[in-house]
Amino acid sequence: MNAFVEPATMPGSGVAKGEVLLSVANVSLAFGGVKAITNISFDIRKGEIRAIIGPNGAGKTSMLNVINGFYHPQEGTITWRGKARRKMKPYEAASHGIARTFQNVALFKGMTTLDNIMTGRGLSMKKNFLWQCLHWGPALKEEIDHRHRVEEIIDFLEIQAIRKTPVGRLPYGLQKRVELARALAMEPELLLLDEPMAGMNLEEKEDMSRFILDVNQQFGTTIALIEHDMGVVMDLSDRVVVLDYGRKIADGMPEDVQKNQDVIDAYLGVPHEE
Amino acid sequence: MLYREAGQFKTTYDADQAIFPIAQDRWAVIAFAAIAFLVVPFFVNDYWTNAVLLPLLIYGLAALGLNILVGYCGQISLGTGGFMAVGAFASYKLMTSFPELNIAIVVLLSGGATALVGVMFGLPSLRIKGFYLAVATLAAQFFLVWLFNKFGWFYNYSATGQISVPERTIFGLVVTGPTAAPWVKYLFCLSFLALFGLIAKNVVRGRIGRNWMAIRDMDIAAELIGVRPLQTKLSAFAFSSFYVGMAGSLLFTVYLGAVEVTEVFGINVSFLVLFMVIIGGLGSILGSFLGATFLVLMPIFLKNFMVDGLGLLPVLAKHVEILLMGLLIMGFLIVEPHGLARMWQILKEKFRLWPFPY
């Protein structure tokens, strides 16, 4: 089922594979006197898996929040698909193809799995209010068309059995998977994953890693992920950027970053000698 | 044993997404609607219509409207009484200014006027949440009642400050005023409730309803997947106020006929409707009806039981009734905090497995 399929059309065409999809230039973000991010620049290329790592409080999540418009940086520019911008509302970022998941699961707890994922399709549903009142004819057809797309994602992530379960009742690992499904339902060009494997056991981590790779390969989605499990980061990612105290201390291939002395000092550390 | 879905296979998403996916439910609802529309009108008399059925239908509509705002979109409102007053006074002004206007259209337009007012008072909801929003809507309650009491234009400068309804007909039948037949009033209100109940169900199971629930459950995540908070919240305020306004309009035109704003649309109405929603079940269309039924019928039942059954003095019975209602509400909420709708759901799930629950 998960056979490798070369994506015929990359979502959000316009940027070819391997070119810069998003670049962040000299971005600084401060909350009052607290500098969360200081003068950071890096880029994300189309089709890659980009990891952002660093110790707690390094500004990783703030960086994601800047990218999808939740925080507005005081300085610097963000170039998305070749267009520079400084400010953007979150729903604009969403409609331009940036989706994300959250560190602490942010699902809609009172709704079923199906409804949660359907909510992710909201942006591409166009029928107006009066059609919604009727729920018939074109509105029903639209609803069912989108249901088909959602069912594809449900199949892809193997969550068929919990379709009608309110997500509040699901175990943590599955909630994380539903959250990924909801982000995928938006058919994003760039997917931001904030610690997708936090608090998971080994088996769940393996599943999630496989899903991330499959999403990247089958849908051609560009992925930026924050993760603390170094094994996962080194295996999954194409390039890694390392932050510490709001500054960038390294950027490059996983193996290079692993050997970088600054990164070892700030974050990775060394194995204890026996 | 009778209530089983075994053997009912769904082969389309259409069938899977139906309002009543289980055939027994579907037939029960059709039968219920048939009785309500075709049988009951032949038996209703003045007492049943005025004491039981009309309040039930009208408060059901108001509770439905409030449930959309509180239960589906998560925005608490204590302004229901004020919004119902807007509906009532809009109908009065429309009926006196445009005597040719059909009463059904008057009710709809009153709902529309209330929706506009609702949006205005919903604007603070972008910045304030929870209890603070409740206080802001409470201001709407007091302001609107004061407004309709203060300025004579709203009640056409009548000496008493009351507004009373002129006679209006629909299909040649008198609906409003003292000469209206009970069954006409009943059918008129029932039609509104049935039609707009269906519309509400359609809206909440579509894109707009999901956006409302997304805002309710996790507003930040909702924003990041492309739900616009301001539009979504204001649409909930508008839709909800539309229903509440229609309920206010029906309350004035069909049920009471004459209204004095401070008496009929006070703060206690806001609380009554809010209690209906909470007891019935937040975020459930059925719950709005169950809550309205409970809070309208229970006092009548208690009064009849105590006065006719036990022979208590009416005044004493009234006091005991208030006491008992409070106890009952507390009891219900302890047993099932999610309201009557959840109780009903659990009952159905049990019944599906009965008699072999394992």
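Using N, Cα and C of the backbone, Cβ positions are placed for all residues, glycine too.
Unlike curated records, TrEMBL annotations are generated automatically.
Keep in mind the model is a prediction, meaning the values are calculated, not measured.
Among the features that TrEMBL reports, transmembrane segment is placed at B:27-44 (among others).
What TrEMBL lists as transmembrane segment is B:50-69 (among others).
Residues or ranges marked as transmembrane segment by TrEMBL: B:101-123 (among others).
Taken from TrEMBL, the feature transmembrane segment covers B:130-148 (among others).
What TrEMBL lists as transmembrane segment is B:183-204 (among others). Residues 19, 33, 36-37, 40-42, 44, 49, 53-54, 57-58, 60-61, 64, 68, 72, 103-104, 107, 170, 173-175, 212-213, 239, 243, 246, 250, 254-255, 285, 289 of the same chain sit 6 or more residues outside the transmembrane segment (B:183-204) yet have a Cβ under 8 Å from a Cβ within it.
Nonlocal intrachain contacts for the transmembrane segment (B:234-258), taken as residues 6+ away from its ends with a CB within less than 8 angstroms of a stretch CB, comprise 50, 54-55, 57-59, 61-62, 64-66, 68-69, 72-73, 75, 77, 80, 83-88, 90-92, 95, 103, 106-108, 110-119, 121-123, 125, 162-165, 168, 175-178, 180, 185, 188-189, 192, 196, 200, 203, 208, 212, 215, 264-265, 273. Residues or ranges marked as transmembrane segment in TrEMBL: B:234-258 (among others).
Taken from TrEMBL, the feature transmembrane segment applies to B:270-298 (among others).
For the transmembrane segment (B:310-335), same-chain residues at least 6 beyond its ends with a Cβ under 8 Å from one of its own Cβ atoms are 275, 278-279, 295, 298-299, 302-303, 343. Look at TrEMBL and you will find B:310-335 (among others) tagged as transmembrane segment.
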Positions on the same chain near the transmembrane segment (B:101-123), where near means CB under 8 A and six or more residues out: 75, 79, 83, 86-88, 90-91, 94-95, 136-137, 139-140, 144, 168-170, 175-176, 188, 192, 233-234, 236-246, 248-250, 253
Which of B:27-44, B:130-148, B:270-298 contacts the transmembrane segment (B:50-69) most, counting Cβ pairs under 8 Å: B:270-298
Tertiary contacts of the transmembrane segment (B:27-44) (same chain, 6+ residues out, Cβ under 8 Å): 20, 53, 182-183, 186-187, 190, 194
